[in-house]
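**Student:** Here TrEMBL flags Asp24, Glu215 as Mg(2+) binding site. Per TrEMBL, the feature active site maps to Asp24. Look at TrEMBL and you will find 25-29, Arg37, His41, 69-71, Trp73, Arg75, Arg196, 202-204 tagged as substrate binding site. What TrEMBL records for Asn72 is active site, proton acceptor.
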Amino acid sequence: MFNFRRKEEHNLEKIPNHIAIIMDGNGRWAKKRLQPRVFGHKAGMETLQEVAIAASDLGVKVLTVYAFSTENWSRPQEEVNFIMNLPVEFFDQYVPQLHANNVRIQVIGETSRLPEATRDAMERARVKTKHNSGLILNFALNYGGRADITNAAKLIAQEVLDAKLNPGDITEDLFSSYLMTSSLPYLYRDPDLIIRTSGEQRLSNFLSWQASYSEFYFTPTLWPDFKKEGLLKAVSEYNRRQRRFGGV
Ligand code: FPP
């Protein structure tokens, strides 16, 4: 495995601090191989592991991955059950290597609605790695961008009702601190780069607020085929872009 730890080995000037990925195309990848859709999710988890280690080697600070959206419950029950069981396998098979690489695992989303075994596996991964200081691998599980914003609005409304906050104090920065991404280090809450695989070019309710100034990278590659080369290509493309944040 090649190592990107030294700049001379990847030749990239700018490494995005926070990369967010919509890991799309697992089902189509499996279908092309005449396999059931869940076969694609399993391959997708392998790719996620490779990409997380590569991101960690590159010096990325946060990698947020859309593992299950609030809309994904409408999939066939068998597929939902399979995805819900992935964290259990993830904990046993993948967390040890991530832990050895100083990766810290975190979760955003409405986790209270997840099956107990799923929640428990993610919680074990979080606790086991919570003292690690390297890449934060942030799973968005049962996450929805609008739900995130609505929930923040509710929390703020309650603080106003309790007279702990004045409406005039509500700034964008304060609002951000009520979003689920407030669990991330302050400087890295918003993604610098959002990647979506499989040719779709939409945000699909992922990090709606946080994506305001993100660069987008779309690729026709299906998620299981993305691999570390895919990550390098996306970061190279990011290096060719000039971010101006509304300035000139
Ligand atoms: C989208 O592809 C993929 C998902 C909904 C699930 C992605 C989950 C993983 C890669 C593993 C996550 C790991 C853990 C530990 C939770 P799709 O099914 O929409 O593909 P299609 O568009 O080709 O049908």
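Each residue, glycine too, has its Cβ placed from N, Cα and C.
Automatic, uncurated: that is what TrEMBL annotation is.
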**Student:** Which of these binding-site residues has the least crowded Cβ, counting other Cβ atoms within 10 Å: Gly25, Gly27?
**Tutor:** Gly27
**Student:** Cβ under 6 Å from ligand 1: which of the binding-site residues Asp24, Gly27, Trp73, Leu203 qualify?
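**Tutor:** Among the binding-site residues listed, those whose Cβ sits under 6 Å from ligand 1 are Asp24, Gly27.
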**Student:** I'd like to confirm something. Which of the binding-site residues, Asp24, Trp29, Arg196, Leu203, has a Cα closest to the Cα of the residue listed as 'active site, proton acceptor'?
**Tutor:** Asp24
**Student:** Might you list, by sequence position, any residue in that chain lying six or more from His41 (substrate binding site) with a Cβ less than 8 Å away from its Cβ?
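**Tutor:** For His41 (substrate binding site), the qualifying residues are Asn26, Ala30, Glu79, Phe82, Ile83, Leu86.
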**Student:** Rounded to an integer, what is the Cα-Cα distance in Å between Leu203 (substrate binding site) and Glu215 (Mg(2+) binding site)?
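**Tutor:** On Cα coordinates alone, these residues lie 12 Å apart.
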**Student:** Can you give me the Cα-Cα distance between Glu215 (Mg(2+) binding site) and Gly27 (substrate binding site) in Å, rounded to a whole number?
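**Tutor:** On Cα coordinates alone, these residues lie 26 Å apart.
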**Student:** Suppose we draw a 10 Å sphere around the Cβ of Glu215 (Mg(2+) binding site). How many other Cβ atoms does it contain, all chains included?
**Tutor:** 18
**Student:** How big is the Cα-to-Cα gap, in Å, between Arg196 (substrate binding site) and Asp24 (Mg(2+) binding site)?
**Tutor:** 7
**Student:** Can you count the other CB atoms that lie within 10 A of the CB of Arg196 (substrate binding site)?
**Tutor:** 23
**Student:** Under a three-state reduction of DSSP output, how is Arg196 (substrate binding site) classified: helix, strand, or coil?
**Tutor:** strand
